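**Student:** My questions all concern the structure below.
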Amino acid sequence: ADKAASGVLTKLPQKQIQEMKEAFSMIDVDRDGFVNKDDLKAISEQLGRTPDDKELTAMLKEAPGPLNFTMFLSIFSDKLSGTDTEETLRNAFAMFDELDTKKLNIEYIKDLLENMGDNFTKDEMRMTFKEAPVTGGKFDYVKFTAMIKGSGEEEA
């Protein structure tokens, strides 16, 4: 597995590896070089979620062993290459949708994008949400993922 995982390092652009390193560092709250259940719980709580033990275990099961940076890169490299399925994108938004309304406050989403991870600029934000389905300040992520993935399905 390590051989396959280290091959990821040669496939990804240096900038992307650096961004992933920053993301990993944010998630590795206790700074031990591995992401564990406590790290996932802490980062989730910082994002306003309180996942239960079962959810945290499911997240960690994606890795075939301890989740160090190389394994983290390996797992997420496919996602970085733009191969996320519509369902994967929808599930990513759903993590922030505790009431399961299929809609999120647009200001909350913009705040996340401006202040975490990629740090979107105002221009990037405008382009991203130019055609986004927003009604009454609520961002419809089901319609949005259908739009960007081209399925044409408006309902899940």
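Backbone N, Cα and C define each Cβ position, glycine as well.
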**Student:** D28, D30, D32 bind Ca(2+) according to Swiss-Prot; which of D39, D52 goes with them?
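**Tutor:** It is D39, as the record lists it for that site.
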**Student:** Whose Cβ lies within 8 Å of the mean position of the Cβ atoms of D28, D30, D32, D39, the Ca(2+) site, other than those residues?
**Tutor:** I27, V29, R31, G33, F34, V35, N36, D38
**Student:** What is the number of residues in the domain 'EF-hand 2' (84-119) that are helix, strand and coil, as DSSP sees it?
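**Tutor:** Taking each residue of the domain 'EF-hand 2' (84-119) in turn, the totals are 19 helix, 3 strand, 14 coil.
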**Student:** What is the three-state DSSP composition of the domain 'EF-hand 1' (15-50), stated as helix, strand and coil residue counts?
**Tutor:** 23 helix, 2 strand, 11 coil
